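Residues or ranges marked as domain 'Hcy-binding' in TrEMBL: 6-307. Taken from TrEMBL, the feature Zn(2+) binding site covers CYS210, CYS292, CYS293.
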Amino acid sequence: MAPGKKGIIERLNAGEVVIGDGGFVFALEKRGYVKAGPWTPEATVTHPEAVRQLHREFLRAGSNVMQTFTFYASDDKLENRGQSLKISGAQINEAACDLAREVASEGDAMVAGGVCQTPSYLSCKSEIEVKAIFKKQLEVFLKKNVDFLIAEYFEHVEEAEWAVQVLKASGKPVAACMCIGPDGDMHGVSPGECAVRLVKAGAQIVGINCHFDPETCVKTVKLMKEGVEKARLKAHYMVQPLAFHTPDCSCQGFIDLPEFPFALEPRILTRWDMHAYAREAYKAGIRFIGGCCGFEPYHIRAIAEELATERGILPPASEKHGMWGAGLEMHTKPWVRARARRDYWEHIAPASGRPKCPSLSTPEGWGVTKGHAELMQQKEATSSQEIKHLMEMQKKAKSSA
């Protein structure tokens, strides 16, 4: 930690609002630096300038946390389903730590090293084997002396517990996030029970990230909070949801939507939706508030602006954004100038512009999770025969829906 900077637990203990960053995987995929499908972060090595710039934009927007771009950076993921990168997980993780630290030093931000779920767990590898993957990543985070650690994007609480246990051995603060909704993890463990198990495993901060929209994620963190308090345990809470509306999603969230991942734009939350999200999260007692897939810097800026009074500061990016559209007072067209007010944007009901677009979709989840043959991972590329089999399964699932 740089001299004079407070740590994550110190800030949360003082009741401060900590603002996270956004969705690097989706943002960099749209910019042409990440491949949808494997979703791996080799851009830290191949295009560090792109990762660095995105960090800077989130910092300027108000982020207090520069999370290392290490999502799916474990070696078992880097060689999964035909991927043949000549870059190791250690190289990606080291580069990610250096980039996050470089930008964090430019402002009031901390560096968080992150690990996530593994193909090995889905393929029913042992606890020892899965923990070895987390330990290998942790070695880099300790070498680079990150400020705290995040275990995120876990669909199964058991794997999340294993990750927390490994990370906790470092002596650094540990946060843990499940990517679940109110129905619980993929084996039906409730959000409250998940939270209790994570706190007992050693997490000081627990919460939700990804898979669902802000409304659903805040609701789920509330359930986690109730579970922890009922068990008479203590924890801080965090939330980093999608920037997509997901009212029609089932247990596994937006991955089951037919629009995933290339047609989600009609579901994107506006900056005004983010104001409402930030306020609702704050009212729920959540003090680590950020975003995941779909979040762009302007979304984070909206969170920072909504909570500016509580934080006592506006982010640098607000120099180019009048609060509640105030900058429109300078517009040439009178009907646009009339929109320079909070009441207008707070009650806007955006149209999609797509006459035949339904308001909701039918999720396509097949109900498979760890232990099912369809989720066993492999090094070999997906064959045409496997694709044919999947198409048949998809057709069968739709006909029975």
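Placement of Cβ uses the backbone N, Cα and C atoms for every residue, glycine included.
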For the Zn(2+) site built from CYS210, CYS292, CYS293, further residues of that chain with CB within 8 A of the site's CB center: GLY23, VAL25, PHE26, TYR153, CYS179, ASN209, HIS211, GLN240, PRO241, LEU242, GLY291, GLY294, PHE295
Spatial neighbours, same chain, of CYS210 (Zn(2+) binding site) - Cβ under 8 Å, 6+ residues apart: GLU152, TYR153, CYS177, CYS179, GLN240, PRO241, LEU242, GLY253, CYS292, CYS293
Average model confidence [pLDDT] within the domain 'Hcy-binding' (6-307): 97
Count of other CB atoms lying within 10 Å of the CB belonging to CYS292 (Zn(2+) binding site): 29
